[in-house]
Amino acid sequence: MMTNFKFALKNLKVNFTSENIDKLRFYIEKVLLFSDRFNLVSNNVRNFDAMLLHALDSVSGLPIVKDKNPRQVLDVGSGAGFPGIVLALFDRCRKYVLLERSNKKAIFLKMISLELGLENVEVLEHNVEEEQNKYEFITIRAFGDIRKYANILGSILKSGGLIMAYKGKFDKVEFEMSYVKNLFDKVEIKSSELISDKERYFLLLYDYKC
């Protein structure tokens, strides 16, 4: 499975070293080890291969991040660290701010970022509604329907900024997009570059209007 992961990274044109791979393996093992204690992932994905697929899905957004080239990225609702920790691991030159409201998960994120030596990671523990800073790039994954949070996320998006939402089936993404398109200067659906039997898309929201 790890061989397939490396092959996928090459297809995504994501540079990596043996240290990156070793640290990713360490991270996944820690997620599995502490899942019960910190309520990190559901029972049906508590195995290494399933976690590796989550990591691969997470890193598939990196080409979009690099194309936009923000100084820092805000990952909202980081949970166990997908995609925030994974992106930070393969993109060490950029700061990643992980926003997580759960105390248990925030503790885990702080612990694992220290153990991985991710000096480019900062963990914030509060609700997204309480965030005061503005960001030029925001990521969300497994965050539910974008319609519920579009205005909240837009309010902390810098002028000219971009929200990148990891999404699944095209019909659902298109439906969500139809409700939020008037809130942003530009809305785009971009297919994932991963070779997979599952539908994966990114909903990209550019420059909040309100």
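Note: Cβ is positioned from N, Cα and C throughout, glycine not excepted.
Bear in mind that the values here come from a model prediction, so they are computed numbers and not experimental data.
Binding of S-adenosyl-L-methionine is attributed by Swiss-Prot to G77, F82, E100, R101, S102, V128, E129, and within the candidate set R46, R141, R147 the record adds R141 to that site. Every protein chain shown contributes to the tally, and the Cβ of E129 (S-adenosyl-L-methionine binding site) ends up with 10 other Cβ atoms within 10 Å. Taking the Cβ of F82 (S-adenosyl-L-methionine binding site) as reference, residues of its chain lying under 8 Å away and at least six apart in sequence are, in sequence order, H54, A55, D57, S58, R141, A142.
Following the DSSP three-state reduction, the secondary structure of G77 (S-adenosyl-L-methionine binding site) is coil.
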